[in-house]
Amino acid sequence: MDKLTAVSGLLFLVADALALASLAHPEWLRSIDVPSGISLGLLQRCVAIRGRPPLCGTPELPATWAISLGMIGAAVAGLAAACGLTAFAFWRQRAALYARWVAFGAGVWLLQAGGVLGALSGCLCLGITHTLLAVKGAHLASHGALAQSQPWRKLCSLFFIEVCGMLPVERGVATHVKLHHGHTNILGLGDSSTWRMPFLSRFLYLFIAPLSLPIITPFVCLGYLRGERLTLALRTVCLASLGFIAHYWMLRWVAGLQSPIYVLACMFVSRNICSLPLIHINIFQHIGLPMFSPESRPPRLVQMAHAVLNLSGCSILDWVFGHGLVSCHVEHHLFPSLSDNMCRQIKPLVSTFLKSKGLPYQEDSYGSRLRLFYDNYDDLMIHAPPITELVGVQ
């Protein structure tokens, strides 16, 4: 917040307080400066008789006083709105940052409080905090959107991807940034085929299998490390183990959970809080959209307009996973290095531009995509997708 905005907000606040004080003050007019008499204000009239408590009531105001009351009331409302907007403009960009630490503190406190309800609520808060770090933070770090200098980018990547996400940085960046972003919905390259499990039924895949992510992730990490350099593998194993041990230590010694089994169960539940929407988001935004062959891929702008979809109306998921993964996924694919806030800022421009060029700007709700995938599971997740040919596109 710049100095001019801070001074303006302070002046608005002082003026609002003075206006409220003038409304509440009953002594705009006073008959005589003695213990008995009549005092008159806009909202209150008091009659004082010597030796008795004053009697106060609502006055009948003449027209000019009623106009004054209305104008002061409008001033109070306007000044309060100005103060609120000033505070909102300052805190909007910082709310998500502070909210994650509030959720972390609340989760630890609820676990300390004990009881089934406290344990479940604590796991919910800690699960949201873990997702903010391991998914949202790791995704932004993989694109270098958390820092400007290369050393800080590397440090952020190691912390969010390896310590929190338990995946090797180099493999994560290669798979997500170079393959998925570089070849979105190109068959055999970035076609999201790794998310397909045709041996599972629709109910198991959509609602049960994602709950195994905390158990599967370490094995996926070890699979990625096969054939990698020994130093890289040791670094990843050490940092991933550090993240696991820190999580265990926090629950055991900070939250006060005594039983190791209870600690591991809490870790499993908290890391599973957002597993279902995480899998859903990854398949909803690409699978079921046009697929292209490597030989006839369209220009990048056309490719992203047809092969990427935004999920609208998901404010909570937007905050937990980030705008770039939910409501601004099209913008994120067009400009991968932009921050979440910048993707949200350019969303109206991208939508207007694509529509003006006759290209689709694809949006759908979470519930609508879930119904689509449940009803058409075999066509979308089991059978080979059809190849789209865009006629006349150069």
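All positions are counted from 1 along the displayed chain.
Just so it is clear, glycine is given a Cβ too, placed from its N, Cα and C backbone atoms.
Here's what TrEMBL has on this protein:
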type: SIGNAL; residues: 1-19; note: signal peptide
type: TRANSMEM; residues: 65-91; note: transmembrane segment
type: TRANSMEM; residues: 103-129; note: transmembrane segment
type: DOMAIN; residues: 122-363; note: domain 'Fatty acid desaturase'
type: TRANSMEM; residues: 203-225; note: transmembrane segment
type: TRANSMEM; residues: 232-249; note: transmembrane segment
type: TRANSMEM; residues: 261-284; note: transmembrane segment
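Across the candidate stretches 103-129, 203-225, 261-284, the maximum count of CB pairs under 8 A to the transmembrane segment (232-249) is reached by 203-225.
Residues 165-168, 171, 197, 232-233, 236-237, 240, 267-268, 271-272, 275-276, 278-280, 370, 373-374, 377, 381 of the same chain sit 6 or more residues outside the transmembrane segment (203-225) yet have a Cβ under 8 Å from a Cβ within it. In the predicted model, the domain 'Fatty acid desaturase' (122-363) has a mean pLDDT of 88.
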